[in-house]
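Some notes on the structure that comes next.
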Amino acid sequence: MYQWILVAAMSNPWAQQVTPSHGSAEAIGGYAAGCLQGAVALPENGTGYQILRPRQKRFYSHPVMEQYVLDLARQSKKVGLPDILVGDMAMAKGGPFSTGHRSHQSGLDTDIWFRFAGKPLSAAARNNIKAQEMVDFRRNRVNKNFSSQQMTLLKLAAQDPRVERIFVNPPIKKAMCEQFAASGPSWLGKLRPWFGHSAHFHVRLHCPVGSRDCEPQKPFPPGDGCGAELDSWLTKPARVSSKPVPNRMPQLPERCELLLSGKQR
Ligand SMILES: [Zn+2]
């Protein structure tokens, strides 16, 4: 059955939502086919973080994610890291972006850049700042931008029990395995090799308590993921085109249609 239709930028109703819905906070549906009731906006100003591309207004999330980001930023500052740069979270009612990532739909996904901000940046600067590449794709290994600061941030990010998984480019996972596998930390397995994610990492949280229609993702295999699975990713660079392509509209849960029309209960 033909379930997919192209989401033209102008016709994606989710991208036109400017205020969160009423109702208690709930992540509805899947990470890549869902929506978000009762979203909260990450405060413009806070300790240890700055919001990227504020013009795009993709700084909404489930409150559990908001708290996670606030906590990560505070912890990072405490260990002496510069401000973290928070990228795409979700739109005001979640749902599919018109271009770019497929997920980030239910308020439980957030991109955080590997690049830090050494000083407070103006909104204009944050709308235009360039990402910093951490991978040398010719050699398929991390480059010199990937230092102990990035490792510390990733470790802090993955240690948190609210985190379900974190996507990183394969050479980044490899570098983390070389640094930490000997100590066998349980969080290392949460770092999942994937395409792209060489200038930012993507944090995904577990379905929160109270989100009865949140669909969990199939668990990843047990272990630290530093062996054969990672090696299979390292046979060739896992780069993705940086050209934005229009997304396809996924089949969303019925509750999302109600949310969009303002008729949710
Ligand atoms: Zn992402």
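Every residue gets a Cβ built from N, Cα and C, even glycine.
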Disulphide pairing with CYS177 per TrEMBL - partner from CYS214, CYS226, CYS256: CYS226
Disulfide-bonded residues: CYS226, CYS256 - member with fewest neighbouring CB atoms within 10 Å: CYS226
Intrachain C-beta neighbours of CYS177 (disulfide bond), sequence separation six or more, cut-off 8 angstroms: LEU188, ASP224, GLY225, CYS226, LEU230
Rounded distance in angstrom between the Cα atoms of CYS35 (disulfide bond) and CYS214 (disulfide bond): 9
Length of the line joining the Cα atoms of CYS207 (disulfide bond) and CYS256 (disulfide bond), in Å: 17
